[in-house]
Structures are given as structure tokens and as C-alpha cells.
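Participant: Here it is, the structure in full.
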Amino acid sequence: MTALFYGVELSSPLMLGTAQYPSPDILRDAVLAAEPGVVTVSLRRESAGERAGQAFWTLIRDLGVPVLPNTAGCHTVKEAVTTAHMAREVFGTDWVKLEVIGELDTLQPDVFGLVEAARILTEDGFKVFPYTTEDLVVAERLLAAGCEVLMPWGAPIGSGKGLNNVFGLRALRAHFPDVPLVVDAGIGVPSHAAQALELGYDAVLINTAVAKAGDPAVMARAFRLAVEAGSLARKADPMEERDMAAPSTPVVGKAMLA
Amino acid sequence: MKIMVNDEVHEVSARTLAALIDELGYSGARIATAMNGDFVPVPLREKTDLRDGAKVEIVAPMQGG
């Protein structure tokens, strides 16, 4: 069954970031090739003269894909909450990808600030998508704070290392079978995305892996196919792993030639 | 009076946040505002008085991951 994100069924389990593309045209081509269920967007200071944000907004609006605003770069609860409020007004959605960054080398979330900000925002009517770790206790706290989706990292943002802690991600999936889970951050190649969906994750959020590819539009298509493959594999119920070989060709009836 | 807008000093005659946005040329733009760290929603901009040295943030949609 396809997961519902705050009651909404996404058209694809691929969530695509819009940052770091070589040009607006390449961003557009990548979104068209990826066919994502949502695109993530952000807020930055606007210059009255350049109005760069207005042009970007026109591009995104014309693509017709639902947006998920983030609070990227926020390091305190206050910053993240204020940014979320500004994003709700500008983008006209109460969805927010909540980031409270705790450490600069890994960009890992400040999970204490994250839980606090999530509680404040859900009380204000936001539908929070928290960027978190695979920690089960933090996950419990986020759900208790009102989150109905969790977005654990695969690896540090922009690292492309894939799913660093498969055991932890599998445990999170098993522990919260009914909570929509998204692997956010660290995915580098389409096989990582397929692996996340095979583990039973409901979606993946990709940005750098597409934007920094030599050909972002082709990589976007590769990710679209990967999430389709991963989703189908999950539905098909993968075989059990085993430690020893088991012959796939039947032994019965084999000619006696020795 | 002097107002900090996005970390730049502006000498303005506006007395409210709404007037400041017009004076600086943001009219009609899809923007959100904060003053001294607090979000100021659109309906409150006209009622939000500026004080000398106020710190205003004006943000707009941007690429994000």
C-alpha cells in the first residue's frame, strides 16, 4: 500500500531537491525527468533589484509539483520556527521539512532542538517532516511531539555515501510499521534509493546526487526508475537471505556422468 | 531613520513595515518578513511600526534540498 503523508498520497516516492543545479533550465529538465512526488524548496534573503526568488518561484509553480519547504541552515529552534512560519506564508503550504542542524562537519540534526521545534510547529498547525537520525528514542519523541512522518538520514547531507546504517534503518522500519518513513540525505546513486525502498521505506529525498551529476536530467531519470524498481521489489516480497548456497537448478534428474 | 534590511543599513522615511516594503521596491513580490527575529505576517505589516535600528529580514523562494 502506498503511504499517506499527512493524508496525501504522493504521485511518486521520489522527493527531489531543487538546489545546486548548473542552471534553471537544467533544474527544470531534471524535475521533468524525475517526475517527483514533491520538490523541496527554501527561503533566502531577497534583493529588491534582482528579485531572484520571484523568477525561481515562477519556474517551480509552472512545473506543477507540490512543494515541501525546508528550514535548511537553521541552527536554533527559534530560527527554524520563524523560518517555517515565513515558508508557510510564502509557499501557501503547512508542510515543512524541519531541519535544526547541530554540527557542521556532518550536518547532523540537533535532535533535542528538533523535537522542541517539532512540538511548537505541530501545535501551530504545521505538518512536520523532521530531518532526523535513525535513533529509535528520538523517533518516539518526534511522534509524541505530533510528527506523522519521519525522515532519517542515510548518510551526511551531500556525502553520497548511501545507507550508512542499514541495521538501524531496518530497525526503525520494523519498530514503526505504520509511520511513513523517508530516507533523507546521503543517497549518492540510484541503487541506494532502490535499497531504501526495498527496506520498506516509503520515499527517498535526493538532491546533490542529481544536481551534481554530469548530466542531471539523465540521473534524474535513473532515480525515477530506481524508485520504481525498489517499490516493486518491496511489493513482491524479497526472498530470505541465507548464509550457505542453495542450488537453484534442480538436482533431481541430473545425468550420472561421473 | 536607519533600518537594517537583510543586514544592510537603509535610511528610510517609512514608518511601518508595509511602507518600508513599498519604499524599498518589493511591492507585488512574493516575500515573507521578520522583524527583530520575529515573523510578521502580511496582515500585520501595516500595524508594525518601525523603530530606529530595527532589524528586518525580507526573504523569498529559493532553491533548497
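Heads up, the Cβ atoms here are built off N, Cα and C, so glycines get one too.
Note that the structure is a prediction, hence the values are computed from the model and not measured.
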Participant: Per TrEMBL, what member of A:Gly158, A:Gly168, A:Gly200, A:Gly230 joins A:Ala185, A:Gly186, A:Asn207, A:Thr208 in binding 1-deoxy-D-xylulose 5-phosphate at one site?
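Facilitator: Among the candidates, TrEMBL records only A:Gly158 at this 1-deoxy-D-xylulose 5-phosphate site.
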Participant: Using all protein chains shown, find which of the binding-site residues A:Asn207, A:Thr208 scores highest when you count other CB atoms within 10 A of its CB.
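Facilitator: Max Cβ neighbours within 10 Å, all protein chains included: A:Asn207.
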Participant: Name the binding-site residues, out of A:Gly186, A:Asn207, A:Thr208, that lie close to chain B, meaning a Cβ-Cβ distance under 8 Å, keeping sequence order and answering 'none' if none do.
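Facilitator: Cβ contacts with B, in sequence order: A:Asn207, A:Thr208.
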Participant: Need one number for the 1-deoxy-D-xylulose 5-phosphate-binding residues A:Gly158, A:Ala185, A:Gly186, A:Asn207, A:Thr208: the maximum pairwise CA distance in Å, whole number please.
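Facilitator: The 1-deoxy-D-xylulose 5-phosphate-binding residues span at most 9 Å between Cα atoms.
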